[in-house]
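Below: the structure, in C-alpha cells.
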Amino acid sequence: MQSAVSSPAPEWLVAPDDVNDLVPAVWPASIERGADGEMIIGGVSADELVRAYGTPVQVIDEGEVRRRASTLRRAFESAAAGQGTTARIYYAGKALLNTSIVRWVTSEGLNVDVCTGGELEVALAAGADAAQLGFHGNNKSVLELERAVEAGVGTIVIDSLIEIERLAAIIARTDGDQRVMLRVNSGVHAETHDFLATAHDDQKFGFALGDAAAAVARIREIPGLVFVGLHCHIGSQIFGVAGFRESASRVLDLHQELLSGGDVPQLNLGGGFGIAYTRADDPTPIAELAEGIVSAVAEGCAARGIHIPALSFEPGRAIVGNAGVTLYEVGTIKDVTLEAGSRRYVSVDGGMSDNARPALYGAQYSARLASREGSPDPVLVRVVGKHCESGDIVVDHEYLPGDTAPGDLLAVPATGAYCAPLSSNYNHVPRPPIVAVRDGASRVIVRGESMTDLLARDAGIEL
Ligand SMILES: *Cc1c(COP(=O)(O)O)cnc(C)c1O
C-alpha cells in the first residue's frame, strides 16, 4: 500500500499549475489581480472592501448581474424569434432578492418571479411594475393572494385545487381579471448532468400531468380568471438540454389537449440553468441552451401541428451566482493527519450562517487568496467556518498556497445565489452586509447585522 503518498483530494480536483489563478468561468468577468497581487472586483480591491465593510462581506458585481441578465434575455429572445415566437425572462428572485437587484434586472428588461408575500413586497418596494411579476408557491395564503391581486401581479402560478378556489373567491370581490398559469410536474427531475424521468411524482409542487386538464377546466369556468398556459420547473444547476427537451415534450402533449377547450397562449419552462462553482464544472453556454430548448419546443409543436406558444423562463442562479464573491479573513489553521495523507483546515470568520449550501446539499465551492498572491506550492485544504458543527464547511476541497496564514483574506467565488437568502444567525453570528461594486466604486445594498440587531428580538433584554 502506498497510503503515505496518496491524497484525500477527490478525483475531480486537480492541483492547479498556478495556485493563485482565477478561472474565468467561476469569477465575475471584472476579476483581476493588482500590481501587488491583490484581488480586484468590479474595480475595487479586496483590501479596500474589507477596510470599509469588515469581514465577512458578500460582494456583488453589478456589471456582472446586468451582463448575465441581458445575455440571457437576448439569447432566448433571438432563439424564440428564430422559431416565430417570443421569450420572456423572469429573474427567480429567491436566488438573491433586494431592491437593488430588482432594479438592475428590470432595467435590463427582465420580469421578476417571487414566491412569498415577503418577496412580493421587496419587488414592489423596488418599484417593479406589478404587471411584470410572476407569483409562485405551493402554499400561498389568502392574504398573500389578496395582496398579489390587489397589487396587479401579472401572472399567478396556481399550484393546487384549493388555490383555484381561494383565487376564485378573491377575484369575485373585484371587478378585474387575473391571469394565471397552472404548474405541472412533467415527471422529469434534473440535476447537473443527469435527469430522471418518472411517470408518477412524489413531491409537493404542481399538478400531475394526468390531473391538470380537470384543474384547467375548473379555472376556465371561473369568471375573472384567465388561463394563459402551463408552467413546469424541473430542477436546479442543470447542465445540458436533454432534461428540458424531455420535459417540454411531455408538457406539450397536455398543452395540445388543452387547446380543445380554449386558448393556451403561453408556456413557462422554469429555470435551473447551471453555473460553474469550481474549475471542474462546465455548464452549457447560454446561447446553446436557449437554441436547444427553444428548438425542442418548436419541433414538438410542429410534430403536433400546433402553434408555438409565447415562451418564458425563470433563471435565478445563472444571473446572480457568479456575480457574487464572499470575502473572509483567515483565523486559525490546523493540519490533520489522515491515513491517506493530510488535510489542512483553514478556518474563516463566517461559515454555514452565510453559506448554508455545503452543509445543506454538499455543494462544492472554490477559493483563492484575495489580499495577496501566495507562495506557488499548492496545499490541499478544507475551508471551514466558525460554527459549532463539524458540517460547517465553506469549501470542502481546494488547493491554496502553502503560506496561507492567519490574517490573509480569502475569496470564495460563485456565492451570489442562494447564500444570503439562506443565511441565518446560527450561533448568534450576525449576517454580513451585501456590497455592490461597479466601475471602481462600492456601496452597501443590504446592511450587515449589528449586535443590537442580534439582541433586538430577545424579550428579556432591555435595549
Ligand atoms: C428555484 C426556482 C427557479 C430558479 O432556479 P435556478 O436554479 O436559480 O435557476 C425557477 N423557477 C421555480 C419555480 C423555482 O422554484
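For all residues, glycine too, the Cβ spot is worked out from N, Cα and C.
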Cross-ref TrEMBL: substrate site Arg357, Tyr361, Glu389, Tyr418; candidate in list Arg317, Arg447, Arg457 matching that site is Arg317
From candidates Gly272, Gly374, Gly460, TrEMBL puts in the same pyridoxal 5'-phosphate site as Glu314, Pro315, Gly316, Arg317, Tyr418 the residue Gly272
Restricted to the domain 'Orn/DAP/Arg decarboxylase 2 N-terminal' (65-320), the mean pLDDT of the model is 96
Going by C-beta under 8 A and a gap of 6 or more residues, the same-chain neighbours of Lys94 (N6-(pyridoxal phosphate)lysine) are Asp113, Val114, Cys115, Glu119, Gly316, Tyr418, Pro421
Smallest number of other CB atoms within 10 Å: among the binding-site residues Glu314, Glu389, that is Glu389
Cα of Tyr361 (substrate binding site) to Cα of Cys388 (active site, proton donor), in Å and rounded, measures 18
Within 10 Å, the Cβ with the most other Cβ atoms among the binding-site residues Tyr361, Tyr418 is that of Tyr418
Among Arg357, Cys388, Glu389, i.e. the recorded positions, the one with its Cα nearest that of Pro315 (pyridoxal 5'-phosphate binding site) is Arg357
Among binding-site residues Gly316, Arg357, Tyr361, Glu389, Tyr418, close to ligand 1 by Cβ (under 6 Å) are Gly316
Quick note, Gly272 (pyridoxal 5'-phosphate binding site) and Arg357 (substrate binding site): C-alpha atoms separated, nearest Å, by 16
